[in-house]
Amino acid sequence: MNEINTFNDRPQTPDENNCCGNGCNPCIFDIHKQLLDKWNKKESIQRSERKNLLEPLSYKLFFIEEIKNINSDYVIIYLKYKDRYDSNGNIFLNAGEHVVINILSWSKPFTPIAWTNDTLTLLVRVYFNGVNTNKLKNIELNTEVRVRGPYGDFRYSRNTFKKIIMFGIGSGVAALYPIAKSIVNDELDETRIHLNLGFQSVDQVPLKQELKLLTDYWNVNCTIYITQKDKIQSLNGIYIIYEKINERIFKSVVDKYLYETTLILICGNDNFNKSLETWSKKYCHTNYHVFK
């Protein structure tokens, strides 16, 4: 289970090389749009008819299906729903929502970076002196995990803003990545995205391949800010700046866009969130959301 995929049977976008350009009726892109509209309607109907396997007021049993080591600081944990005989339910999440997991008498919120009908994919930051995260990193497969949720008040509608600027540090990328992914997966959404992410080093950056794939889309830019200058590295498609995200950088990024048509998304630790919220207000960007 190495592929991160939220959308299972969504109609694939036809290759431009398959279009002859002679104005055929129907054109393959017209057909694709019709199929996509039908798929969206089907998804809405299925969601309204089927219950959510997750519940905000009670825990549901999952088990650890796979643990993937990303680097010394991050792992990806794949959880699978325990009772697959519950055929009347699926996992329903809005991008950016979080769940709470309970394991080994320890509870912590996580924002899934991907999910299917019966699985959750979590990005976990492993701290050097973190007893619980280190236990989670080394836990045995098939161990039971209790999960409740989803929680969160962020809701996104396509084309509400012309530009979305995302600022995050560390594991804050977990809240921002699925939102960006959902936008590029929606061919009717023309919103432009600028991801601004901060890490200590390039080696520490999780989801490198996923971020690279995002930048393949015409409407996504990604800038990573690195605080340690031990060695110069590059990532294809991603702009790297060896500096901490500060007020000057924030202002230089947001000043390029009209505040009326721009949404700012923020996710990091408490100090980072407070600073970015203060700067958003200072420079008159009232359209912002902080993931806490």
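Using the three backbone atoms N, Cα and C, a Cβ is placed for every residue, glycine included.
Curation does not apply to TrEMBL; its annotations are automatic.
Predicted-model confidence for the domain 'FAD-binding FR-type' (57-157) is 92, expressed as mean pLDDT. If you look up TrEMBL, you'll see 57-157 marked as domain 'FAD-binding FR-type'.
Within its own chain, Phe128 (FAD binding site) has no residue 6 or more apart in sequence whose C-beta sits under 8 angstroms from its own. Under the heading FAD binding site, TrEMBL lists Pro109, Leu123, Phe128.
Taking a C-beta cut-off of under 8 Å and a sequence gap of six or more, Leu123 (FAD binding site) has these contacts in its own chain: Ile70, Tyr74, Val75, Ile76, Phe110, Thr111, Ile113, Ser171, Val173, Ala174, Pro206, Leu207. Break the domain 'FAD-binding FR-type' (57-157) down by DSSP state and the numbers are 7 helix, 49 strand, 45 coil. Cβ contacts within 10 Å of Pro109 (FAD binding site), excluding its own Cβ and spanning all protein chains shown: 12.
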